[in-house]
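First up is the structure itself, then whatever we jot down about it.
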Amino acid sequence: MTDPVALTADLIRCPSVTPEEGGALSLLEARLSAAGFACTRVDRNGIANLFARWGEKGHARSFGFNGHTDVVPVGARADWRFDPFGAQVEGDWMYGRGAVDMKSAVAAFAAAAMDFVADTPPDGAVILAITGDEEGDAKDGTVALLDWMAAQGEAMDVCLVGEPTCPDEMGEMMKIGRRGSMTFFFEALGVQGHSAYPHRAKNPLPALAKLVDRLAGLELDTGTDHFDPSTLAVTTFDTGNPANNVIPAACRATVNIRFNDAHSSESLTAMVRGIAAEVAAETGIEITDRVSVSGESFITPPGRLSDLVAAAVETETGRVPVLSTSGGTSDARFVQHHCPVVEFGLVGKSMHQVDERVAIAQIPQLKAIYTRILRDYFA
């Protein structure tokens, strides 16, 4: 039997701060290859990715797991109680960067997959698509894996992403979709001048302030069947002006929108640009924008896959998971173009924090859930 706790510790000891591979995928490749998985490194533009398959290529019954081994920076090491790459155990907890997000889940589904195919070889395929580019730009990670799979005729019937999904208690929540995310980068252009002679300048600040105030006051919607209301947040407002007696020539603001399935990035872009044009006309200030879309909203409708995962979670934890679309973006937004996808993982309270830590008992419990999902899927 593969010990997922020991494998978690081994992965934490790999300093895989995005975009560095840090030895994590090489470690997994060696373990999975020894267990009979056909492994392929799908690196792109310096980003490391690993594809592993047990069973027949292109089989109609192919269950996939997706996850990442890259982690966010640790910040100031002096603030940590233990080495962030030491996998130190204290009491019931294992400490380290990536302990929750998400090396424990990668260890759990890798261990579950290896033991499952050894104990009860299924009529089908088990696929692991693991990236080193989820916490970074996410352009050459899961996207690269999916591009490669399509070109090679590799396919998943369904996929489970092992992101931490439970707010407080193991088993309380799974994700069946995610909100979309997009960011507007605005710049208002005026004419610099002395603050004592404002008539000789053209101050862009009031115009941009008017725009972000108008946007911040919008009610985008009241929610949909599976989503909470969309949100809009003003996240930056900058002039880069250190002088208090100079009217700046330009100022910038950033606005982030998390949107549900009542909208698309295209419809929101049109709406926001329309409001910006109105403000520009009212103030006589030119306002430009650049838009970055991290992903559209999506949902895997409740049904076969969510029922499969929920039943396994309830059996192993005694809890019926809530079907949620809350939170930020994940690589499920890419997988959903390939096959139905849901997310289930550990309690995520300490992810990205100093002293990130995982409750050790949850790791074998998660392996048991993933094993049961595989068993029931191939039954």
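A Cβ is built for glycine as well, from the same backbone N, Cα and C atoms used for every other residue.
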Zn(2+) 2 binding, same site as D101, H352 - Swiss-Prot member from E90, E135, E316: E135
Per Swiss-Prot, H68, D101 bind Zn(2+) 1; matching candidate in E163, E169, E172, E187: E163
D70 (active site) as reference: those recorded positions from D101, E134, E163, H352 with C-alpha within 10 Å of it: D101, E134
Assigned element (helix, strand, coil) containing D101 (Zn(2+) 1 binding site), judged by DSSP: helix
Non-site residues, in chain order, whose CB comes within 8 A of the mean position of the CB atoms of H68, D101, E163 at Zn(2+) 1: G67, M102, A105, E134, E135, V161, G162, P164, S330, G345, M351
Candidate with sparsest Cβ neighbourhood (10 Å radius) among D70, E134, E135, the listed recorded positions: E135
